[in-house]
DNA sequence: TAGATTGTTAATCGATTAACAATC
DNA sequence: TAGATTGTTAATCGATTAACAATC
């Protein structure tokens, strides 16, 4: 049963649909048409229908989409219907910030532990989640069925630690270090690079460009 | 002098070129061809040359690109040749994590203050950067020529705070809250949404999909 | 000069949008 | 039934890749 490969562009949009549908649910909205959703999200209705039809017909002619149903279906597509155990490697501010995001748990991502090299933080807790030492990783990962590791470490350590994590059984890495781990790890390891610095540079580009055109207008 | 509009896809790649060139510089590499860079970055040489030629001819036939020069030029394009004053609104873990990124300063982003509602943290410092109270924003922003505000607040407060920031003169918002602020603020405000939750969901999709295909192989 | 590699045009590929028949 | 809106095909648009003449 080989399903057609879904394009990255579609996958990038799915979580956004999911978020808007969640907001609609919270607002008690029962049904929505692609046209109405298109207005809210500022994308074309055509795109919404095309995107959704990659995965099946979730709507009904003349009616639109049932919000609760569509929300659940997109959740399934994204794999949010199962719990994924996650660890955070690097218990600095960023690691702790992630541990504090309670909303991740609602989407099925359960942070089961933090890890750090600094003995001073050993045993400390961030919202019930204990900080462990790095040498416990090899046992902890298989024992707790850890699938995902968030890497909040400096670039210098990221690669070697990532390789170990994969050895110990981690299937996916949520990478906050400034390297492209996907190019350095085995093909079958799922890597999502965050690259905050690049996000800030894009902002800077837009800021600079906008300013330039302002000047030109004068 | 209206330059042709550069596509978003190109802009998304620029910071990545910049990063690779920076790494090459650190390694003491003087020149690089699009072919060699293409190998390292896993993109086509054609794309590299096309992307760069949106902004001008930075290379030389038969030679390739001078690493230092190209690095500097891309830096200029991204607006990293000027200092941008930045504040962080929301001094929780995430805000503090951002304040601790010293590397941002090397790219021209200077964090001049943090802001929070909680009086308990007033006057505290994160790496020399003082935490102020929110009611000081209206004076602080114009006084310190703040261009960029990183918003590390819960979704519920993000919109109203963002509107105030814009009133006080902020030109760009680096948004970590789970809303699309670009749709809610004036057109001329630059917004870069980070959306960590969506990043995690994309990871989850890839994890789920990969697992499925594993099962099918059996 | 010969070799290498760019800058750029042309070809291909993929993604988005438009249109409309199907149908609830 | 009439009206609304989907699912889907076809048309358009844009982005990526290939090719090669220009030139260092």
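Glycine too: its Cβ is placed from the backbone N, Cα and C atoms.
According to TrEMBL, the DNA-binding region annotation covers A:16-55. Mean predicted confidence for the DNA-binding region (A:16-55): the pLDDT average there is 98.
The domain 'CoA-binding' annotation in TrEMBL covers A:79-180.
For A:90, A:91, A:92, A:93, A:94, A:95, the entry in TrEMBL reads NAD(+) binding site. According to DSSP, residue A:92 (NAD(+) binding site) is assigned to coil rather than to any helix or strand. Around residue A:92 (NAD(+) binding site), the same-chain residues six or more apart in sequence whose CB sits under 8 Å from its CB are A:116, A:152, listed in sequence order.
For the domain 'CoA-binding' (A:79-180), the number of residues in each DSSP class (helix H, G, I; strand E, B; coil) is 39 helix, 31 strand, 32 coil.
Within the chain, the DNA-binding region (A:16-55) has long-range Cβ neighbours (under 8 A, six or more residues past its boundaries) at 4, 6, 10, 63-68, 70-71, 73-75, 77-78, 80.
Cβ neighbour count for residue A:90 (NAD(+) binding site): 26 (other Cβ atoms within 10 Å of its Cβ, all protein chains included). In the DNA-binding region (A:16-55), helix, strand and coil residues by DSSP number 28 helix, 2 strand, 10 coil.
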